[in-house]
């Protein structure tokens, strides 16, 4: 029986360097705090005081662009350029860097250079992009830290377009590299490449390696109605968007259009932008499927040391050039694959299309009764008939896409402008506000998806004004906890993923944020009314043009309330405050895009409950990661907000104190009190009741977002620091520091 052991003859696993059975192997559902410890100075090799913006601005930008332009036609023997031009490859590299972005949590995208790391560097959709980045290395090496990989990959895509005759909309630098894989992103629950059995209720199990998906239409009749799991924006594990062969490999252009519309919308693209991107991008280059994927070796993360980070070694022919295998599809869209023109759209409507197979066995389409006039990438004596992908034909056979495609065909200038704008949005959507943009090619035009905020056009309030305004705020008669809740509600919309949200703009007073359940509209309205009255009184009294924005007042009111709460608890402390925020208008606020930022849960305010899949404490950690908080910062903020009585609905859950409204460490003291016994209250496991162990009398109620700080070993260790007798002062100091951090997360104008 020994020969049937599943581990028989397997090489022993390493027993050093963190190998062996890990905690997550024993307890796979354990709350993971690792995502709160990423991208710190520990993993960053650059000097702590390195200023990337200053380094980028010292770059000879146009010399860099010239070097990139020259690279486009400098074909290398080790990885030859299709048609003698790397443009198509580099467009794909930039697209796939930016195209992982999704709107629900702002994660993904090209803003951190994550394509260099697992899993993205080994996704089936990113085959051969390891070569693209290696082609760029001599240029990255030349310019060093003056340009990040994140910026370089996007800029190279721009230069590729320009080198083939397309006028781009512009380019903004400012993407800082990270130095490790971002483990905060949920890419899906599938365990095989190209699978979608988790993201769809009747999905496809996938395969163990990249290549053509074997279609089985009988098993996938829901492709016209299925719903993609949130927050995902890709139809298969390891793909950027959709399966180019069609849903689950079924060559159905209409069903494919449904997948396209869903995935592109989740990346913030409307139908016109979607058509422009597909038709514009497929004007250039080709796909690669010279033979079966059986010839293709392991992805970079599974390749041997000698491969030096390259993957997908190809045993077919030379393994490169004409023998390249990437997607398994073999399509060159136009007769001029290195020039911008209308050929893609012209062919789309000129020909009738017949289903065929690529040399690798993938579903694709060939023009019926057409002559062979498409050039071969490596043999000038060869010509091919026009071919298309299933997802290309979606632009013709989906009624809405067809209407847009025909308009673009009849109006070339509209097509070019739409593609330029959509490409800029694709490659800059995750950069946040324009204040982060740097470089000489930043477009002057302000775009609605950039969440614009007016520039400061008046003197800001002084220290004397700040002190007077604090007194006015505390004299309004509004419970200070409402000012704290309002400030938190405003600032905590920030997402470190795509740099959206935050207190600047005061969008908390506008639709849709003012109506979010978590913001408790009656309480919010009372706080805002009091602050608006103070704003009107202050501004009308000025004769030198000085103004205070509501955005500044919202944050200042929260700071004043925190200072009062600390003082009431016996601690005199000043909460840092920097004026200069401005108020956005409703016209500057895209309601639909902001609706996607509405929190499902906010454990800092004890809002939301567990789902069948996600316990509430996991939502709390996810929120903390989006706020760029460490585990200690998350801990001290939750404990402080409970003491300050800042639950979204005014409930007593987690308010473990007899003096709510004072900034005390009572939350931790009472949470750690062994005289309290906890049990679930009611039928669910979201609300708990704490009783006195001796008398059985009820003492407290709590949520999972409260009790996790006593249950989770690492969080309990932090809680013990703040719950100790000598932890009171440290608690107040650390709370104020973490509070100030959150209030200023979006202040790219001063940070």
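Heads up, the Cβ atoms here are built off N, Cα and C, so glycines get one too.
Since the structure is predicted, the reported quantities are computational estimates derived from the model, not experimental observations.
Quick look at what Swiss-Prot annotates:
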- 1-24: region 'Disordered' (REGION)
- 92: site 'Transition state stabilizer' (SITE)
- 96: active site, proton acceptor (ACT_SITE)
- 282: heme b binding site (BINDING)
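Counting only the Cα atoms, the space from residue 96 (active site, proton acceptor) to residue 282 (heme b binding site) is about 14 angstrom.
Cα spacing between the residue listed as 'heme b binding site' and residue 92 (site 'Transition state stabilizer'): 10 Å, rounded to the nearest whole number.
Remark: residue 92 (site 'Transition state stabilizer') has 129, 132, 285 as non-local neighbours, by Cβ distance under 8 Å and separation of at least 6 in sequence.
Between the candidate recorded positions, 96, 282, the densest Cβ environment within 10 Å is the one around 282.
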